[in-house]
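As given in Swiss-Prot:
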- HIS300: active site (ACT_SITE)
- HIS346: active site (ACT_SITE)
- ASP403: active site (ACT_SITE)
- ARG69, LYS187, LEU299, VAL341, GLY343, TYR344, THR395, LYS396, ASN401: CoA binding site (BINDING)
- HIS264, HIS346, ARG355, ARG429, ARG449: oxaloacetate binding site (BINDING)
- 1-24: transit peptide (TRANSIT)
Amino acid sequence: MALPLRTARHASRLAQTIGRRGYATAEPDLKSALKAVIPAKRELLAEVKKQGDEVIGEVKVSNVIGGMRGLKSMLWEGSVLDADEGIRFHGKTIKDCQKELPKGPTGTEMLPEAMFWLLLTGEVPSTSQVRAFSKQLAEESHLPDHILDLAKSFPKHMHPMTQISIITAALNTESKFAKLYEKGINKADYWEPTFDDAISLLAKIPRVAALVFRPNEIDVVGRQKLDPAQDWSYNFAELLGKGGANNADFHDLLRLYLALHGDHEGGNVSAHATHLVGSALSDPFLSYSAGLLGLAGPLHGLAAQEVLRWILAMQEKIGTKFTDEDVRAYLWDTLKSGRVVPGYGHGVLRKPDPRFQALMDFAATRKDVLANPVFQLVKKNSEIAPGVLTEHGKTKNPHPNVDAASGVLFYHYGFQQPLYYTVTFGVSRALGPLVQLIWDRALGLPIERPKSINLLGLKK
């Protein structure tokens, strides 16, 4: 969008005000920190609206029949995904976030709740602010009895993603937004109950995931006390039955995984579905339930488990004392059979995924991971597969993505139920879409309603 010079300068100053790194001296809580930045963001939106007739791109037939790939058509505040640079969160790279965001009371990895704060406000919170936020999440994690009864009613063969989506939707009995909207609330105030619902869901979703993971212990999980002095990921691990000091590395992996997967721009299925349903003023519980159903699709959220299955099959075929040629031959066998190599390529990225590198850096500091033959296959594949895929010639990005490592790392730490990896992804992905739902309401964004066209219309 080409803004006039004066307007562009003004918008730039506003953006700097909104996105600057700041440590507030009064140590406001998250809602207060958000409230402080809303006026500037609204002013920026008002400036941008004046340029409503400006052209920001063109729509090609390939965009329409190709899943709208590459088409800039929605507002998303928390992150920007560049094809070459990868993901940035309010301008910060993953390495920036790992360096700047507060860590847990134990462990060395950035906290996903600190990432949520950054996504929502554009500011890096202090350690004390994050500790207070972690405490709030622990205190708001309780589930009503009807949710426990609902979880007990599920048939044993119901897919875990179906379960977590149903429970998330059913939690809208707790929605402050739905209740206040029914009574009547000023549109300018929509963001406050939306914020409250988003925090409530963020607090509850680890326990919901644990209900799905431990279906024979519904009452135990439903009433398990969380440690208010610990962080969101630590308490999630406790709910999964993997607490304690002996699982410290798993806790750090979970922190890193949840932070890395929290937001990846708005065009992916889970984020877009949440935004779409939320644009109809559905509450955050209903909206994110829709996002979870999108995440359940094999083209979106099932990649980590597919990578693990493929790697384990590869190990069974070539053993643990493999050569580079063994790996190369298995890759070619996969491609020649008409299958894809799981964990490689990306819908937007054209360079190596920095999230994959973050997980590999994590592994590089753990001798037990490096010694694991399954992980060694992951590492060797990352060295050989790009060349094979380039020679094959049918991919725009031959590099590994985050899924190439995440499932295998979970497997190493004893989390060996691949069907539940997407559920964990669903806990993480709540971060970004819930942030955007809050901003959708704070900015008064309208219902989403694109225009469709049929094939004959395109042919003309």
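Count begins at 1; order follows the chain as displayed.
Using the three backbone atoms N, Cα and C, a Cβ is placed for every residue, glycine included.
Positions of Swiss-Prot features highlighted on the structure.
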residue	record	DSSP class
ARG69	CoA binding site	coil
HIS264	oxaloacetate binding site	coil
LEU299	CoA binding site	coil
GLY343	CoA binding site	coil
THR395	CoA binding site	coil
ASN401	CoA binding site	coil
ARG429	oxaloacetate binding site	helix
ARG449	oxaloacetate binding site	coil
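Maximum intra-site Cα distance, CoA binding residues ARG69, LYS187, LEU299, VAL341, GLY343, TYR344, THR395, LYS396, ASN401: 48 Å.
Distance from the CA of ARG449 (oxaloacetate binding site) to the CA of ASP403 (active site) is 32 Å.
Around HIS264 (oxaloacetate binding site), the C-beta neighbours below 8 angstroms that are at least 6 residues distant in the chain are SER79, LEU81, ILE87, ALA271, GLY432. The recorded positions listed here (HIS300, HIS346, ARG449) include HIS346 as those with a Cα within 10 A of the Cα of THR395 (CoA binding site). Sparsest Cβ environment among the recorded positions ARG69, HIS300, HIS346, ARG355, ARG449 (other Cβ atoms counted within 10 Å): ARG449. Counting every protein chain shown, the Cβ of ASN401 (CoA binding site) has 21 other Cβ atoms within 10 Å. Checking each of the recorded positions (HIS346, ARG355, ARG429, ARG449) against LEU299 (CoA binding site), the C-alpha distance stays within 10 Å for none of them. Within 10 Å of ASN401 (CoA binding site), counting CA to CA, the recorded positions HIS346, ARG355, ARG449 contribute HIS346, ARG355. Remark: of the recorded positions GLY343, THR395, ASP403, ARG429, the most isolated position is THR395 (fewest other Cβ atoms within 10 Å of its Cβ).
Cα distances from ARG449 (oxaloacetate binding site) to the recorded positions ARG69, HIS300, GLY343, HIS346 are smallest for ARG69.
HIS346 (active site) is 12 Å away from ARG355 (oxaloacetate binding site) when you measure Cα to Cα.
Site extent for oxaloacetate: among the recorded binding residues HIS264, HIS346, ARG355, ARG429, ARG449, the largest C-alpha separation is 33 Å. A 10 Å cutoff on Cβ-Cβ distances gives LEU299 (CoA binding site) a total of 10 other Cβ atoms nearby, all chains included. Under DSSP, ARG355 (oxaloacetate binding site) is assigned to a helix (H, G or I) in the three-state scheme.
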